[in-house]
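Data block below; observations after.
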Amino acid sequence: MIRYLTSGESHGPALSAIVEGVPAGVGITPEMINTELARRQQGYGRGGRMKIETDQAEVLSGIRFGKTIGSPITLIIRNRDWENWTTTMSQFSEPAEDIAKITIPRPGHADLTGKIKYGLNDIRPVIERSSARETTARVAAGTISRIFLKAIGIEIGSYISAIGSAGETTADTQIEKLLRSGAETLARKADRSAVRMLDKKKEAEAIIAIDAAKDAGDTLGGIIEIFITGVPMGLGSYMQHDRRLDANLAAALISIQAIKGVEIGTAFANALKPGSQVHDEFIIEPEKGLTRSSNRAGGIEGSMSSGQTIHLRAAMKPISSLLTPLHSFDSETLQPTLSRFERSDTCAVPAAGVVAEAMVSTVIANAVLEKFGGDHLGEIQTRISLHRDLTRKAFIA
């Protein structure tokens, strides 16, 4: 099983991750990881921090001569902004007299609950660790799983279907055409858009909406569409709750900062229809074997992969740090006041799509390892190839 821990504060010296359980023999270069880190930094509506940081991963262990060796992989991404925060975020010195404590929580953020939970007299430590800056380390770690999956024929991609009231109208036929070449083809097309949308008209509407929100001191959320192609039938299990593929994918997405909802396939539309209009009927064709009439289940049935493309949707709330402050209070004096502003983005939905790709990568990689086992890439590739052949032949008359 692949697992990882991240560490580091938003304005500390660095972010880090230790990734354990990666099979040996997976070819990895720093450029592969840094490409994904650069994708996470893109998107119209990002804040001033992106002008400071150019995220680059340093690999300290677990790779030799460009291939994984089975041992834990240690990754570090240094924060360039640290030099401006050495006093405020000092690890061992006494706090300077001119450092003001943050005592006014922002509605919608971790500020108040984190302060109370950890017995803090200053909200700053809560801000530092709960910040979405932490997802830099998650993207670096998840890219390791993503590269492993690509080596066994599984691809992951995303695009943004809505930002604020600017909704996507991309035809399903266009998406299906892109997915035939693999989910990364769809992601590359989305990356050519400033907001990672596929529809140029809606892209323009989204940019206008972001500009309007920025001018008003407001923020915008949106909807992320995630696709996973090349998934073999039978990943996950209905035997126990913690082996259910849909549950693990949903948990991974909900763990991303500001993600408040997850949908698998067309789940919410399905809930309003009779079963006869929902379930994906089986079709046996002489040469192609088993196909389906549709994919409303999103590639998962009975908590297992059906062999179809997995389709997930994630809803991201608007960022909770607003230039136009909301009503709050001072947690020391209990006096009503307006919320404070912490440097932030107007819209980070495009970046969240890249984080979502990284998060589901590790879930799918673990489902593969659970089903097929193996400590070296070569033996896993052999087992999956055999499984694909047997599955295909089983449905050809």
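Note: Cβ is positioned from N, Cα and C throughout, glycine not excepted.
Swiss-Prot lists Arg129, Ser130, Ser131, Gln257, Ala258, Gly302, Lys317, Pro318, Ile319, Ser320, Ser321 as binding FMN, and of Arg146, Arg243, Arg292, Arg343 the one it places in that same site is Arg343. A separation of roughly 16 Å, to the nearest angstrom, links the Cα atoms of Arg40 (NADP(+) binding site) and Ile319 (FMN binding site).
In sequence order, Gly108, Gly221, Ala258, Ile259, Lys260 make up the list of same-chain residues 6 or more apart from Lys317 (FMN binding site) whose Cβ falls under 8 Å from its Cβ. Local packing around the Cβ, expressed as the count of other Cβ atoms within 10 angstroms, is greatest for Ile319 among the binding-site residues Ala258, Ile319. Counting in whole angstrom, Ile319 (FMN binding site) lies 11 from Arg46 (NADP(+) binding site) by their C-alpha atoms.
Counting only the Cα atoms, the space from Ser131 (FMN binding site) to Arg46 (NADP(+) binding site) is about 14 angstrom.
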